[in-house]
Amino acid sequence: MLDRPYTFINSAMSADGKISTKKRKQVKISGKTDFDRVDELRAGSDAVMVGIGTVLADDPSLTVKSEERRKRRVAEGKDENPARVVVDSQARTPPTADIFKKGTGKRIVVVSQAAPADRVAALKEKAEIIVCGKDEVDLEQMSVELKKRGINRLMIEGGATLNYAMVSRRLVDEISVFVGNLIIGGKDAPTFMDGPGIAERSEAVELRLMKYEQMDEGIVLTWKVL
Ligand SMILES: NC(=O)C1=CN([C@@H]2O[C@H](COP(=O)(O)OP(=O)(O)OC[C@H]3O[C@@H](n4cnc5c(N)ncnc54)[C@H](O)[C@@H]3O)[C@@H](O)[C@H]2O)C=CC1
Ligand SMILES: Nc1nc(O)c(N)c(N[C@@H]2O[C@H](COP(=O)(O)O)[C@@H](O)[C@H]2O)n1
């Protein structure tokens with residue numbers, strides 16, 4: 001067993017399983033109550049992680065939005081925001097990204113050995129750099145390294161490729177997904193889980209439904225990964 005953080009994915013998808021449109025830019029799927037639930041999940045985590053695709057598409061800040069929650073974290077001796085982690089094999093994260101500009105707290109960029117040295121050097125000014133893997137970030141090694149840095153509870157907020165990569169390597173314990181009241185459609189729109197997928201039913205990642213809750217105009221499903 002790997003000594004890794006308790007890891008969960010949270011996402012929002014349309015009724016047909018899309019997490020964005022074919023333009024691959026951030027799209028509002030959650031309602032007010034669900035965004036507040038997500039904020040509580042962030043506040044309760046040691047780190048929030050996204051893939052480089054999400055940084056380039058959405059430029060998220062990944063901060064805790066509620067002042068009350070930020071104060072609660074500080075009262076508990078933590079930073080205002082959880083550490084923000086980008087999985088970025090080639091060090092493509094722009095040094096001007098909002099995760100560096102907005103909010104206080106730690107930033108970590110996980111790169112591979114193949115990342116160009118000049119880009120890594122530029123990012124070192126902004127974040128801790130962890131090197132894991134030869135050409136692509138080794139996600140198992142990354143999970144162990146994050147745990148060594150005191151990250152016990154890790155939240156993954158996408159995107160489609162990272163979600164599947166983490167789940168298919170059995171590095172995820174729990175999944176929560178808000179299913180909203182819209183259809184997005186289109187074969188080029190990212191789904192909740194992209195990546196290579198499986199060829200046989202026997203290869204599927206099995207889940208157990210733990211909870212379902214009607215929220216806004218949709219439903220939140222919480223699954224345990226078996
Ligand atoms: N509705 C929602 O809850 C969310 C939607 N999104 C949407 O998802 C889309 C972005 O998703 P993706 O393009 O799939 O990007 P992604 O955010 O999943 O990042 C994928 C990239 O991570 C890098 N990577 C490094 N090591 C890797 C490894 N070992 N395995 C796999 N990938 C590795 C690769 O460059 C890969 O292309 C955007 O359209 C965004 O708006 C993103 C987050 C949440
Ligand atoms: N939970 C949820 N619902 C939606 O409808 C969404 N579009 C997203 N997107 C995720 O939130 C990130 C933006 O975070 P900040 O507001 O910049 O803190 C975005 O990158 C997606 O990860 N999530």
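The backbone N, Cα and C atoms fix where each Cβ goes, glycine too.
All annotation found in TrEMBL is predicted automatically rather than curated by experts.
For 5-221, the entry in TrEMBL reads domain 'Bacterial bifunctional deaminase-reductase C-terminal'. Per TrEMBL, the feature region 'Disordered' maps to 63-83. Look at TrEMBL and you will find 65-82 tagged as compositional bias 'Basic and acidic residues'.
Across the range of the region 'Disordered' (63-83), the DSSP-based residue counts are 9 helix, 1 strand, 11 coil. Here the domain 'Bacterial bifunctional deaminase-reductase C-terminal' (5-221) has a mean pLDDT of 98 out of 100.
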